[in-house]
Amino acid sequence: MSFFEPLTRLEQLPYGSLWQEYRVEDVKRALLKDRPDEKDLQALLSPAAESCLEEMAQRAQRLTRSHFGHVMQLFTPMYLADFCVNHCTYCSFSSIYDFPRKRLTPEEIRQEAIAISSTGLRQLLILTGESRRDSPAAYVKECVEILHEYFSSVSIEVNPLSTEEYRALREAGVDGLTLYQEVYHQETYRKLHVKGPKRVYRNRLDAPERGCQAGFRSVNIGALLGMYDWRQEAFMTAMHARYLQDKYPECEIGLSAPRFRPYLGEFNPESDVTDRALVQIILAYRLFLPRSGITLSTREPASLRDHLIHLGITKMSAGVSTEVGGHTQDGGTPQFEISDERNVQEITDMLQAAGLQPVFKDWDLLKLQA
Amino acid sequence: MNLIINGKPGVVAEECRTVADLLSRPEWSFRLVIVERNGEIVSKEHYGSEILCEGDRLELVHFVGGG
Amino acid sequence: MLDPLVIGGITLSSRLFIGTGKYSRNTLIPEVVSASGSQVITVALRRVDPESQDNIISHIPSHMTLLPNTSGARTAEEAVRIARLARAAGLGNWVKIEVINDQKYLLPDNLETIRATEILAAEGFVVLPYMSPDLSAALRMQAAGAAAIMPLGSPIGSNRGLRTTELLRILISEVDLPVIVDAGIGRPSEAAEAMELGASAVLLNTAIATARDPLLMAAAFREAVAAGRKAYLAGLGPVEETAVASSPLTGFLK
C-alpha cells in the first residue's frame, strides 16, 4: 500500500462542483473539530472559508502556540551542486539552460559551513540538482559527514532515492528529508516535467514514504503552489501528510507551502495563488494537522512573512542563498529568486519583537557506541 | 479406575471406559462440557473413542456467567 | 435502525454488548437480551462444579454471538489455553482476551494481551482484546490481527464512568479497528458519551445486572447507545471556544 491508492480515489472526486458545495456553517464546524476529516479539509479550503479567515487564524494561532510554544525554528539551505539531468519547465537548474555548473568540493563545503554556522544557525538543509553522475547519494553522504562537524541537524532535499540509500544517509547523520511532489495533478506533472527521471510520478510520490521507512526523524512534503488549481493541490498535500502521519507515527511529518517564484525561464503559473489564498492554505494545513510543522521559505517577501509567523508557521529559513556556494562565492545561478533577503540577525530581531524565541538548534543526534 | 478430575482424585466404575461414558454421568450430563485430557483438548467427535486410562488427569470446564 | 457494525464477518445491528455475570437469577438473561436488543454476550470459562446445577448456555438465546472471555488468565499462555478450550465447545471462534496480573485494580496487562492476540489471531480466532487505553499497545494489537480493541473506561466493576476520555478519543481517531469501550460504564449517559466520542460499541455487565430493575436498565442502555451513535453520525455541533479579545491576525490582507 502506498499513498498512490488513496490518491487514485481522491482524484475521482468531482472537483468541478465540490468546492462550491460548502457553506460557512460547514467551515465553522470544521474549524472547531479536534480531528477534522477529509470533508472538513475540503470545507477549510473552499471559497466559503474565505469569509472565515480571521476565525481560522485565531484558532490556528492557539493550536500552534499550544503544541509548539512561542518559538520559531530557524534553518538555512545549502546548495551543494546544480548539475541536473531533468528538464522541469519551472526551474532554473533545468538541463536545457546553459550556465557553468558547479559542485562544491569538500574544502568549499567546509568554507560554506563555517560561513553559515558563524551566524548561529545549527539546522541545515542541503540541496542538489538531480544527477546520479555528478551528485550521487555517495557524494551527499560525504558532504553530510563534513557538515556534521558544524551543524546539529542536517536534512536533505535531493532527488528521490531508494530506501537503502536513505538508510545509508540516515546512518551518516541525516535526520530529515524534504521532498516536494511539486504537482499532485498527474497530467500537469507530466506536462511540467518534460525530460529526465523526474518524469516518473510514482517514484517521487512514494519517496517520502521510503524516507519514513528508512527511519528519518522528520519528513517534509509540499506542492509547489501555482502549478495547478491550488485548492486541489493543497488538499492532496494535506491528505498525503495525514496518510504518512497515520502510518508512521514515529516520524514527524511536516508541510511546506512554497509559492511559485519567478526564475530564469518564462514559465507562467497556471493558478494564481494570492496572499489571501496562501493564508487560507496555511491555516487549513494547521487546522487539519494540528501537530505538523509548517515551513515558510524566503520565497515570500519580508512584509508577508512577518504576518504569517503568527498563523501556524513553525519553521522558517533565514540568511538564504539559493546558489551553489552562495555564502562564500560570487557569480552562481540562483535556483529561484528569494524575496526576503534579511540576514539571520535581522530575522532574529524580528521574531523577538514579535514575541517568539528563535530556535537555532533543536536537538543533537548522539552516535551510540556499538 | 483412579482419575484426577479437576485436580481432585476420584474413582470411577470400570464400565466407565470413554470420555463419553464419563460425561453421561448425572453430574455432568446436562451441561456443555469441554474436556482436556492430560493437557490436550479432546474434541467432541472423539468423546466416544477416547479411552480413559488409570491416572488420567482430566479438566472438565464449562461456561459460566461473566462480563 | 442503527448503521451496522461488522466484526469478524458478523454484521451487528446492536452496538451494545452485554455480560452474563452477577445476575440475581440467570433466568433473567433471556429477558435482558431481549430488552437490551444486544446480539453479543460474554461468558467465562470455569472448571465444572458438580454441586452447581446451572448451565448458563441454556439461558442464552441461540441467535446471540457468544464472546467467551479469558478471565482468570495471568499470562498470554493461560489466555491462549482458555481460548482454545472455549472454541472446543463448538459455539464460535470469538474470544475476549483478558489478562490481569494486578489484583488490586484489576487493570489488564497490555504486553501479555498483545502476545495472546498474536497467537490467537494466527489460529483464526476473532480476537477482541480488553486493554488499558494506550496507543502503542492498540496499534500493536491491530498489527497482531485483533478484530476490534476493547479499552477500559475505568477499572472493571468500578462504575466510575468514562475516566479515560482523552485516551479513548486518541484510540478512536488513530486505530483502524472498531473501538469497544469495556468496563467502567455505570450509567446510560456514560454509554451515550462513549458513543458520541465515536466508539463503535460498548460492553457492560455490572450496570445492568446489579440495577434494581435489570430489564428497565437494559432498555435504558439500549436507547442511550442508539442515541449516542446517532449523535455521533449526525455530527455534533461545535463547542464554541470562549471569545478571546485579540488583535486581528488577518488584517494585513486587504
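A Cβ is built for glycine as well, from the same backbone N, Cα and C atoms used for every other residue.
Annotations in TrEMBL come from automatic prediction, not curation.
Remember, predicted model here, so these are calculated numbers, not experimental data.
The 1-deoxy-D-xylulose 5-phosphate site recorded in TrEMBL includes C:Ala183, C:Gly184, C:Asn205, C:Thr206, and the single candidate from C:Gly157, C:Gly228, C:Gly235 that the record places there is C:Gly157. Listed recorded positions: C:Lys96, C:Gly184, C:Asn205. Those with a CB under 8 Å from a CB in chain B, in sequence order: C:Asn205. C:Gly157 (1-deoxy-D-xylulose 5-phosphate binding site) sits 17 Å from C:Lys96 (active site, schiff-base intermediate with DXP), taking the Cα positions as reference. Note: the Cα of C:Ala183 (1-deoxy-D-xylulose 5-phosphate binding site) and the Cα of C:Lys96 (active site, schiff-base intermediate with DXP) are spaced 13 Å from each other. Take the CB of C:Gly157 (1-deoxy-D-xylulose 5-phosphate binding site) and look out to 10 A: across all protein chains shown you find 17 other CB atoms. In the three-state DSSP classification, C:Thr206 (1-deoxy-D-xylulose 5-phosphate binding site) falls within a helix.
Here 1-deoxy-D-xylulose 5-phosphate is bound by C:Gly157, C:Ala183, C:Gly184, C:Asn205, C:Thr206 per the record. The longest Cα to Cα distance in that group is 10 Å.
C:Gly184 (1-deoxy-D-xylulose 5-phosphate binding site): 25 other CB atoms within 10 A of its CB, across all protein chains. The Cβ of C:Thr206 (1-deoxy-D-xylulose 5-phosphate binding site) has 19 neighbouring Cβ atoms from other residues within 10 Å, across all protein chains displayed.
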